[in-house]
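**Q** Sharing a structure, written as structure tokens. Questions coming.
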Amino acid sequence: MLPKEFLGEKTRSYNGVLKFHIESHHSSRYPDPLLFKYPLIVIEGNNRNIVHSPFLPVTGGKYSIRLHEDEWSQLEVPEIPVTRMLMMFILQNVQHIFIRATEGADVKIARLRDVSMETAVPITPNPVSPYVAVGIEVCDCPKEYGGLSCQDPGKGYYRKRKLNFENSTDLLDQIGISVPCPCNNRSEMCDPETGYCQNCRENTAGAFCELCAKGFFGDPIKGSCHPCECPLVDNSFSDTCEGNMFDHVCTNCQVGYEGKHCERCSQEFYGTPAAPGGSCKPCNCNKYGSLNYTCDRMTGQCHCRRG
């Protein structure tokens, strides 16, 4: 199986050449008629498989296979020819490329080396190659689509497919259609394949900007997200809260704070956290002169022993 460099979006390699060198050491080689019954290459793309089987023997194990529909057949239904549309469909999302590197039953050594795949690049004033890629189209796509062949969603769109699209024989069902990112009007950007939103605005979060970000509460589907007041926006002692558009509960009060909005000091702490700039500090009671380690939660006055 070829590494990830040969996988993914490969429509720029249409009509290009896949080259490789196989070396197989064995005591006896299968006869060509038998060997040619087995695919030399299997390409899986978008869950569809095409195969290439050589028609003539190759000396030295050096192969140059063109990525053109005329040189491939369908693995599952070889009697149905591969069309250009199917070839482009598979190259749009190459998942695996398998190359057979053996030619006999008792293989001692099998090597695959010098693998390369031609890929078209835009023409520049100083091209690195004198050859022009034939068969690569450059389409003028509407805003909903992108890519040389309009095969990908455009900026701000994602690929949406029907339910159970894998079972459809219509390639368009498997490719899907391009629809706007479902981001609750809080972002125009999303992953082009999953539709998961990116860079949510207005203090929102979640796959579709449907949640409030950490430190905020509310209902962004029906309204907006507001900063947690724990107990004050500018004097907060909890980084999270939960609630609706009208009220909230702070859910992670720091040590020494308690209450619905972290507005009180806990036992053995004192202060006025509900006042601007206020906080809770540990009680500072002498263990010999105090009845216990607690103090007045606002003033810090200890409970002293008599005498």
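Cβ atoms here come from the backbone N, Cα and C positions, even for glycine.
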**Q** CYS295 forms a disulfide with which residue in TrEMBL, given the options CYS280, CYS283?
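**A** TrEMBL annotates a disulfide bond between CYS295 and CYS283.
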**Q** Whole-number answer please: how many Å between the C-alpha atoms of CYS262 (disulfide bond) and CYS283 (disulfide bond)?
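**A** Rounded to the nearest whole number, the Cα-Cα distance is 18 Å.
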**Q** Restricting to the same chain and to residues at least six past its boundaries, which positions have a Cβ under 8 Å from a Cβ of the domain 'Laminin EGF-like' (283-307)?
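**A** Distal contacts: 264-265, 267-272.
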**Q** For the domain 'Laminin IV type A' (1-138), jot down how many residues DSSP puts in helix, in strand and in coil.
**A** 24 helix, 46 strand, 68 coil
**Q** Tally the residues of the domain 'Laminin EGF-like' (283-307) by DSSP class, grouping H, G and I as helix, E and B as strand, and everything else as coil.
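**A** Reading the DSSP string over the domain 'Laminin EGF-like' (283-307) gives 0 helix, 9 strand, 16 coil.
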**Q** Could you check the disulfide-bonded residues CYS200, CYS209, CYS253, CYS285, CYS302 and say which one's CB has the most other CB atoms within 10 Å?
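**A** That would be CYS209, with the highest Cβ count within 10 Å.
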**Q** What subset of the disulfide-bonded residues CYS200, CYS209, CYS253, CYS285 lies within 10 angstroms of CYS295 (disulfide bond), using C-alpha positions?
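**A** Taking CYS200, CYS209, CYS253, CYS285 one by one, the ones whose Cα falls within 10 Å of CYS295 (disulfide bond) are CYS285.
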